[in-house]
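Trainee: So Swiss-Prot has the following annotated:
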TRANSMEM  4-24  transmembrane segment
TRANSMEM  35-55  transmembrane segment
TRANSMEM  71-91  transmembrane segment
BINDING   G75, T78  Na(+) binding site
TRANSMEM  103-123  transmembrane segment
Amino acid sequence: MLQLLLAVFIGGGTGSVARWLLSMRFNPLHQAIPLGTLTANLIGAFIIGMGFAWFSRMTNIDPVWKVLITTGFCGGLTTFSTFSAEVVFLLQEGRFGWTLLNVFVNLLGSFAMTALAFWLFSASTAH
């Protein structure tokens, strides 16, 4: 149990630092859409899709790696709370079109990245 807790802790910290770095780098590039949050969510969605595909086929993988990558790293990297706050800020500024675009791209983009990664990894390990 302690190993699992440490894996979540290490993965979560690493994912959170990665999200912060992405926000610092990409959020200033566009005033209306926080590109750092979008990038973090899309990357996290891809990684978790790849992870689930990999873990479903490689059943002998240590559970520590599973929680390090999924619950830890992806949990720290992706963020629904920041996304929600940014949507509210856009609404408060009256940027309704940008709000809808931001919600659409974050949600559908994340679903698409998870499905793409799962499909790519499943196809590559089917042989």
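In case you wondered, yes, glycine gets a Cβ from its N, Cα and C as well.
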Trainee: Name the range, of those listed as 4-24, 35-55, 103-123, that has the largest tally of Cβ pairs under 8 Å with the transmembrane segment (71-91).
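Mentor: Stretch with the highest Cβ contact count: 4-24.
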Trainee: So if I draw a 10 Å sphere around the Cβ of G75 (Na(+) binding site), how many other Cβ atoms end up inside it?
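Mentor: Counting Cβ neighbours of G75 (Na(+) binding site) within 10 Å gives 18.
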Trainee: Taking the Cβ of T78 (Na(+) binding site) as reference, which residues of that chain separated by at least 6 in sequence fall under 8 Å from it?
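Mentor: Expected: G15, R19, A40, N41, G44, A45, I48, S110.
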Trainee: Go through the chain and flag residues at least 6 beyond the ends of the transmembrane segment (35-55) whose CB is under 8 A from any CB in it; none is fine as an answer.
Mentor: 15, 18-19, 22-27, 29, 61, 66, 69-70, 73-74, 77-79, 82-83, 86, 102, 105-106, 109-122, 125
